[in-house]
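What TrEMBL says about this protein:
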type	residues	note
TRANSMEM	12-35	transmembrane segment
TRANSMEM	47-67	transmembrane segment
TRANSMEM	96-116	transmembrane segment
DOMAIN	150-360	domain 'ABC transmembrane type-1'
TRANSMEM	154-175	transmembrane segment
TRANSMEM	187-206	transmembrane segment
TRANSMEM	240-262	transmembrane segment
TRANSMEM	292-311	transmembrane segment
TRANSMEM	342-362	transmembrane segment
Amino acid sequence: MAVQEDTQGASFIQGQAVIWLIGGLLLVAAIALLLPDVRGMLGNSPILQGVLTIVLGVGGCIGYFWASNIVLDKVIFPAKGANAGKNINRANMVRPWLFIFPAFAALGLYLAYPVVGSFIRSLYDRSGDTFIGFGNYAWLMQDSEFQQAVFNNILWALVVPAGSTFFGLVAAQLTDRLSWGNIAKSLIFMPMAISFVGASLIWKFVYANDADIGIVNAFREWVFGADSVDPLQVSFWNNFFLMFILIWIQTGFAMVILSAALRGIPEETVEAAIVDGASPLQVFFKIKVPQIMGTIVVVWTTITILVLKVFDIVYTMTGGNFGTQILPSYMFEFMFRDDGRATAVAFVIMLIVTPVMVWNIIQARKEMR
């Protein structure tokens, strides 16, 4: 019994020593930041900046969790007296929230605050001094270019996730059957390593108006004997030419995720279907696809989120001209000359995407149960 008490006492002393050491380091770092000479040294020394960041970051986290647990156990729900048992249970119920509170605080600081601030800014005019209510939103609803951008954005959100997921699923199924499937997967996944701007420049040559450069026009001239035409200036269809670039990039991502899901399907279900006389297509669509539907929804959702970043492709290829305007590029037009309208467009994007995101997440959770 005495040995156990001595061990507990030694552990307590060691814990206190570590806490005091961390507290001392934090105090020294805080005092150092107040000295002008030290701030000047930090500005010229990335190494010192990194060390100070580690000390403050790690030490601050440890200090927060230690202090918050002390307050919880000693002040709010003390484990003593007639209600000791109830207080212990209450403290254990609250304790998990202490660990996730920093994440919620950071989320509120970097997400909720900018969203609220942006919404308030959208209620003011270009100068930011005159309150106009929902005037920016009313103007957007009447602008024909905005209506075109909304239509194109919805088209992107429907076509790109569907195309990427479909081609990725087909590629995952076919490459798993090939002896050189890993090489094929590497080639299909390779566009993921290219930035949106880099991919756009590559496809700009493919869509070039000159048949000696552009593959599309070379094919039209060779097969149909048709004159050259700029695919990016063909109204409506040019949107699909741009979408194909993102589908080309994201097919590799969908293929990798869905290939792993297909390999996780129990062989017994596939063998049973084959014994019952199911064809390969029936096995694929009626046995395999339903079992990985949760993964398909997750891939679909992820690519839908990525569609919001499609600004790079549109801006590089057409600049939003020839009927290819989308909401991000439309917002960019006002970003540096009318903050009110730009933030109003940003909120419209959020309102369009959020219901789709919520639906996809709900479906993913249902499939994973």
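Cβ atoms here come from the backbone N, Cα and C positions, even for glycine.
Computed from a predicted structure; not experimentally measured.
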With Cβ distances under 8 Å as the criterion, find the stretch in 96-116, 187-206, 240-262, 292-311, 342-362 that has the most pairs with the transmembrane segment (154-175). 240-262
Under an 8 Å Cβ to Cβ limit, what residues of the same chain, 6 or more beyond the ends of the transmembrane segment (96-116), are close to it? 61, 64-65, 68-69, 72, 350
Could you tell me what the rest of the chain brings near the transmembrane segment (187-206), counting residues at least six beyond its ends with Cβ under 8 Å? 171, 175, 213-216, 244-246, 248-253, 255-256, 309-310, 312-313, 316-317
